[in-house]
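Visitor: Okay, these came from TrEMBL:
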BINDING   Cys28, Cys29, Cys112, Cys115  [4Fe-4S] cluster binding site
DISULFID  Cys193-Cys195  disulfide bond
Amino acid sequence: MKINYDLKLQEEIQKLGNCHPSLLLHVCCGPCSSNVIKELSEHFQITIYYSNSNIYPPEEYQRRFHELLSFIEKFNQDYQQDIKVIEDPYNNAEWISHLYPLKEYPEGSVRCKLCYSLRMRRTFDYAKIHHFDYWTTVLSVSPHKNSQWINEIGHQWQCDSPRFLYADFKKNNGYLKSTQMTKEYGMYRQNYCGCMFSYEEMQEREKRAQNHID
Ligand code: SF4
């Protein structure tokens, strides 16, 4: 049975009152995270964790990271926030060593479930070591990402501190709002998910489209 994780988020927020606990938020890129950061910053003291060793090639990793940094700088000014960004060291070779056996599986399959899990585990570990009150990820904002899996993964490591913040950020037009903020801040939005496999799939799509036009 599908669980309504948006409802769980609203219930958790209701319990907070005015206390603004600390939250370590795993972010994959500026565009996806924009509206999530805006909405969560009303209830939490956010620190961003950029843990994305899946991204290929390295130039694309840097481009997304710098886009995120420049968005946060502007966001902090616009919304009187002091959100910090922490970068988890990039190690694409290690990520590929875990995912390579699943390379033939398409986007949206168990390949992605393992990818979510690797990045979320690193976020949880950092949140635990550094005594955050809550942790979560923005990944569920994307219509291409399986929110049930994302929340089930977070649930595996649920504990008193840090608490996993269940959420389904695509609900309530979350994705649409993030695309609007992306335009408002003039951000670069990539045309593939991130890993080497999705990069090759994107190139194949473009080649097919080009052949169709010719
Ligand atoms: S398509 Fe995206 S979520 Fe799936 S494995 Fe690649 S980077 Fe990870």
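Start at 1 and count along the chain as shown; that gives each residue its number.
Positions of Cβ are set from backbone N, Cα and C atoms, glycine also.
Quantities reported herein were computed from a predicted structural model and do not represent experimental measurements.
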Visitor: Setting Cys28, Cys29, Cys112, Cys115 aside, what same-chain residues sit with their Cβ within 8 Å of the center of the Cβ atoms that define the [4Fe-4S] cluster site, listed in sequence order?
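Guide: Here the non-site neighbours turn out to be Asn52, Asn54, Tyr116, Arg119, Leu139, Ser142, Lys145, Cys193, Gly194, Cys195.
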Visitor: Far apart in sequence but close in space: which same-chain residues, 6 or more away, have a Cβ under 8 Å from Cys115 ([4Fe-4S] cluster binding site)?
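Guide: Non-local contacts for Cys115 ([4Fe-4S] cluster binding site): Asn54, Trp95, Leu99, Cys195.
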Visitor: Measuring Cα to Cα, how far is Cys112 ([4Fe-4S] cluster binding site) from Cys193 (disulfide bond) in Å?
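Guide: With distance taken Cα to Cα, Cys193 (disulfide bond) is 10 Å from Cys112 ([4Fe-4S] cluster binding site).
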Visitor: Return one of helix, strand or coil for Cys112 ([4Fe-4S] cluster binding site), based on DSSP.
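Guide: Reduced to three states, the DSSP call for Cys112 ([4Fe-4S] cluster binding site) is helix.
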Visitor: May I ask which of the recorded positions Cys28, Cys112, Cys115, Cys195 have a CB within less than 6 Å of any atom of ligand 1, listed in sequence order?
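Guide: Among Cys28, Cys112, Cys115, Cys195, near ligand 1: Cys112, Cys115, Cys195.
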Visitor: Within 10 Å of the Cβ of Cys112 ([4Fe-4S] cluster binding site), how many other Cβ atoms can be counted across all chains shown?
Guide: 25
Visitor: I want to check the contact list for Cys29 ([4Fe-4S] cluster binding site): same chain, sequence separation of six or more, C-beta distance under 8 angstroms. What comes out?
Guide: Asn52, Arg64, Glu67, Leu68, Gln190
